[in-house]
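Asker: I'd like to ask some things about the structure below.
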Amino acid sequence: MNIKKSKIYILLVMLLLLTSGCWDNRDINHRVMPVVLGVSKESEEEYKAYLQVPILQEDGIKTQIITGVGKTINEIVDKTSANLESNVDLLHIKVIVIDRAFAEEGVKDLISGIMRSREIPSKALVAICEEDMDEFFKKMSQVELSDGTALLDYFEKNAGWNPQIALTRVWHVYRSIHSYTKDVAIPIIRLGESTLIEQAGSAVIKNGAMLDEINSDETLLYNAFQGMSAHGKIEVLDEGSVLILDNGLNFASRLENELPILTLELQLEVMILEVKGDPTIEKIEKELEKLLKPRFENMITKLKDSEADILGIGQLFRKEIPRAQLKDWRSKYYPNLKFNLTVDVTIQNSGNLKEPGE
Amino acid sequence: MDKSLYVVFMYIVSHAGLILFLYPENIIASTTQGHWVPIVIEVFVHFFILTVFLKGLNYFPKQNDLITIYTSAGKIIAFLFLVPIFLYFLTSNIITVRGYSEIITIVFLSNTPLWAIMVVLLAISSYLAIKGVEAIFRTGVLIFILLFPLIIFILVISFQNVDWHYVYPLWVEDFSFFSQSSYYKSYFAIGGVFLFLGFIRASIPYKNKYVLIAATAVIPIFLLSVYIPILVFGQATASTFLYPFVLAVDSINLTWFMFDRMTMFFLLSIIIFILLFISLVLWMIVRVLSKCIAPSIKPFYLVVAVSLLIFIICLFIPSWKDVEQLFLWNTILRFYVILGVPISVVILGIKSRLEGDIK
């Protein structure tokens with residue numbers, strides 16, 4: 001009995017070795033784990049990749065930039081792995097920075113490649129860089145006290161994110177390549193003069209290529225449209241400035257003679273921060289409505305012309321348009337979209353002081 | 001002693017393991033809109049064959065299992081049904097072992113050779129199968145308690161990224177999914193499991209009511225496994241994925257959760273569920289073998305021989321395309337088994353009841 005039992009234990013211990021899945025295992029000190037991946041086009045056929053790797057040192061963390069040129073991202077990683085004393089592990093990439101010229105050309109293959117390989121997580125954030133990439137990454141590595149995650153922190157909702165920054169992940173971009181009715185906006189960043197990064201609006205992406213751009217005010221509306229909270233954004237008027245506390249969006253969609261008609265109502269709840277002079281509450285509300293309405297209208301009109309549906313308005317018409325015709329949403333229905341927008345502002349409170357104009 | 005709860009847990013766990021992998025891809029490939037229609041039809045078929053099968057079994061005394069029912073009905077009937085059942089179990093196990101080890105290499109163990117993964121999968125399930133059906137079911141209870149809450153947690157939080165507009169169009173335009181082979185492939189999720197009810201009657205007594213409750217509990221998993229990827233990505237995008245549900249889980253982003261990738265937990269639980277399923281099918285294969293062909297050989301040697309055979313056949317399947325081909329061949333066998341077995345059991349049951357009355 002005991003011999004039989006011990007045999008089973010030996011078998012179980014052997015299974016333990018196998019089931020750990022440690023095959024060709026490399027210890028953590030032999031791995032290089034980049035946090036940021038930058039991609040630009042070196043020539044017609046070749047990519048240039050920038051890997052920002054945090055390196056642990058005695059007096060803190062330093063950032064190293066590894067660059068490589070090749071026909072595919074995997075080839076570059078493979079080459080750099082061969083040249084380095086450690087193995088490059090892409091599993092921890094958090095942000096992918098794409099060169100603007102490359103984004104304008106189209107990143108369809110790059111995004112599909114990332115989705116296919118599963119090495120790079122599909123929830124990595126995507127950003128477009130307006131700057132020269134060499135310059136950008138050089139600056140990134142020079143930041144003092146940087147633990148290599150500055151760019152990630154910039155986008156993290158619990159760190160440096162602001163409601164006027166688009167938050168787009170790899171799978172969003174992949175979805176926009178295939179989806180009939182939904183495109184996506186990718187944040188554009190550049191080096192700041194006094195801060196490390198400066199945001200420069202968002203890129204309008206259709207079928208994996210950058211078509212147009214919207215500024216950061218419009219990105220706020222884009223985010224509000226996605227159901228994200230605009231809480232914390234400050235709007236400045238002639239009469240003072242207000243802080244957005246809450247936002248909501250109501251839609252009603254219908255199809256008339258094959259023409260899509262959309263009624264939109266943007267609701268904002270704001271708090272007064274500063275006032276100039278003695279405007280009434282009504283006046284501030286009116287002014288804010290007057291500020292936001294044309295901004296929203298201009299954006300939708302601009303997007304309609306570019307045939308890129310980053311707001312996902314087509315999503316609202318999935319009920320009305322049969323699937324066979326939905327395929328032509330961007331080219332047939334979307335440019336003819338008629339919309340009716342109302343902005344409804346409520347001043348929730350006026351801070352510690354009583355309401356002005358009373 | 002009534003052990004219905006064992007059966008309920010096993011039923012849910014093995015269905016979850018089968019549904020959450022290939023099922024979403026099959027359904028998404030079979031229709032472009034109104035996915036709930038094919039799913040609901042499938043659920044009805046599931047309930048139909050299950051009730052017919054249970055009804056048929058009820059005509060026989062508890063100690064008769066499926067094998068004795070067929071063998072006592074004559075050699076021809078035994079041959080007509082037991083050989084397909086045997087072949088069906090064997091091919092399903094080959095597909096499961098080969099398919100799931102491929103998934104493991106694609107998703108997380110990219111450096112590990114395929115054979116090593118298959119060895120581990122087969123070794124653990126053979127060990128369980130040797131220990132017998134009681135051991136398998138008891139492990140099922142343990143695993144259900146340990147891992148099922150995790151699966152439910154993942155199913156709930158995967159709603160994080162859904163866009164409800166993707167639910168439209170709600171209705172199917174035509175019933176063209178009936179002409180898609182991938183729709184019939186999706187019956188793999190219901191075809192494999194329910195037969196065990198005919199094998200365990202003597203060793204693990206259960207009440208029919210509980211089996212039907214378990215089958216009802218599985219319905220949400222059918223719907224969620226397809227609708228979560230559809231709502232996150234939309235039909236046009238989800239149809240480009242091999243494992244839509246895995247990618248939907250991959251898109252979950254929880255900053256407060258200490259682990260970065262939810263997919264690992266999800267996949268490991270599913271693979272453990274599948275291990276149980278493989279060992280159960282292995283046990284049933286050996287049961288058929290030892291009762292009909294080789295009663296003198298110890299089950300231990302039969303299990304080892306069968307899993308070796310499965311391993312060798314798996315080694316000869318070079319690519320994912322060939323797995324799909326095998327899947328397609330298995331489909332024909334599957335429909336013969338899932339429709340033929342319940343109906344034949346009812347007929348045999350009524351016949352034996354009538355004969356008993358005459359006597």
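Quick reminder: no glycine exception, Cβ is built from N, Cα and C everywhere.
The feature transmembrane segment is assigned by TrEMBL to B:6-23, B:35-54, B:66-91, B:103-130, B:136-159, B:186-204, B:210-234, B:265-288, B:300-320, B:326-350.
Burial and contacts for the listed features, if you can.
Answerer: Packing against the transmembrane segment (B:35-54) from elsewhere in the chain are residues 27-28, 170-172, 175, 177, 183, 186-187, 189-190, 194, 197-198, 208, 211-212, 215, 219, 222-223, 226-227, 230, 338-339, 341-343, 345-346: each is 6 or more residues past its ends and has a CB under 8 Å from a CB in it.
Sequence-distant contacts of the transmembrane segment (B:66-91) (same chain, at least 6 residues past either end, Cβ-Cβ under 8 Å): 57, 60, 195, 198-199, 281, 284-285, 287-289, 291-292, 306, 309-310, 326, 329-330, 333-334, 336-337, 340-341, 344-345, 348.
Long-range contacts of the transmembrane segment (B:103-130) within its own chain (CB-CB distance under 8 A, at least 6 residues past either end) are made by residues 21, 97, 136, 139, 242-243, 246, 263-264, 267, 271, 275-276, 278-280, 282-283, 286, 299-300, 303-304, 307, 310-311, 314-315.
Residues 3, 6-7, 10-11, 14-15, 18-19, 22-23, 26-27, 30, 38, 42, 45-46, 49-50, 53-54, 57, 62-67, 69, 85, 92, 95, 133-134, 137, 211, 222, 277, 280-281, 283-284, 287, 327, 330-331, 334-335, 337-338, 341, 345 of the same chain lie 6+ residues outside the transmembrane segment (B:186-204) yet bring a C-beta within less than 8 angstroms of a C-beta in it.
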Asker: State the residues, same chain only, that lie 6 or more residues beyond the ends of the transmembrane segment (B:210-234) and have a CB under 8 A from a CB inside it; answer 'none' if no residue qualifies.
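Answerer: Sequence-distant neighbours of the transmembrane segment (B:210-234): 4-5, 7-8, 11-12, 15-16, 19-20, 23-24, 27-28, 35-36, 39, 42-43, 46-47, 50-51, 54, 155, 158-159, 161-164, 166-167, 189, 197, 241, 244-245, 247-248, 251.
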Asker: Please indicate, using numbers and ranges, the residues of the same chain that are 6 or more beyond the transmembrane segment (B:6-23) and have a C-beta under 8 Å from a C-beta there.
Answerer: 99-100, 103, 136-138, 140-141, 143-144, 148, 151, 185-186, 188-190, 192-194, 196-197, 200, 204, 206, 210-211, 213-215, 217-218, 221-222, 225-226, 243, 245-246, 266, 270-271, 273-274, 276-277, 280
